[in-house]
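Contents: one structure, followed by commentary.
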Amino acid sequence: MSYRQLKWLILIIPTLVIGLWEYLRHQFLLPYISMELGNWLSPVIVFIVTITFLRRLFMIYEHMQEQLKTEREEKAILQERERIARELHDGIAQTLFLCSVQINRLKEKQPDPGWTELDKSLRQIHDYVRHSISNLKNPPHLSSASWQKRVEELISQFQLDTGISVHPFFQLNEANLQPKEKVELFSCIQEALTNIRKHAHADHVWIQLTGNEANWCLKIEDDGTGFQTDPFRQSNRFGLRIMRERVQEIGGTLLFNRMAGKTQLVIKKSCGNMSSH
């Protein structure tokens, strides 16, 4: 039912009810109902019948209004994300690229191991900025596809690009995740796969999402080389720090483990986490 049709029905139904009642009263009910009683019953019947129909119509109308409001908000969010992505691309990303070019020139003139380390850090920052630009332009919560479908597409592209086998298992229904949780978990999975591709030298990755609405766990494992030290203490691990902040924003905890030759990234959320956050 369109918005225009809904407005016309709201206007027409009371008129139709009054007309139908008056026709029935004068054609068939006059021998049984006096004029005085009929006049008294008219507003009561019209009110009951009109409320019965209009209540449903008003519910539909309110739902349509909410949908329209949501669409406007999402459009505004998307426009803002595109603006930020454009500024990142035109400003920070290009500045980082120019800095990298200048460092390479300095390396040629004055060879020094420090230049190489600085250039490596700049390239990592540049990659992360480009990754952030991609996320801004393709927000998972504004896609028509389901959250799980978006994750599966991400996994398929990762396997195609790297040749690394990914084994997903989603026991938790995505309907039990809040919209913000879906956004942050998608970004965390994306960042984890990026780190595995760059650093882990893995052959297999396992992604598991289990639990319920109040208590869930996302576990990402790989059979790569793993971390030699605490990854959060390494100065160039910008993505991991931001990932931890994302998890904290949804009331969760993030842990790294090394068990049985596998590196585990574990993101958990429980009612206890929410109450203490």
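Note that Cβ sites are derived from N, Cα and C of the backbone, with glycine treated the same way.
Taken residue by residue, the domain 'Histidine kinase/HSP90-like ATPase' (180-273) breaks down under DSSP into 39 helix, 30 strand, 25 coil. Per TrEMBL, the feature domain 'Histidine kinase/HSP90-like ATPase' maps to 180-273.
Long-range contacts of the transmembrane segment (7-24) within the same chain: residues 42, 45-46, 49-50, 53-54, 57-58, 61, each at least 6 residues beyond the stretch ends and with a Cβ under 8 Å from a Cβ of the stretch. The transmembrane segment annotation in TrEMBL covers 7-24 (among others).
Below 8 angstroms of C-beta separation, residues 6, 9-10, 13-14, 17-18, 21-22, 25, 33 of the same chain, each at least six residues beyond the ends of the transmembrane segment (40-58), sit close to that stretch. Here TrEMBL flags 40-58 (among others) as transmembrane segment.
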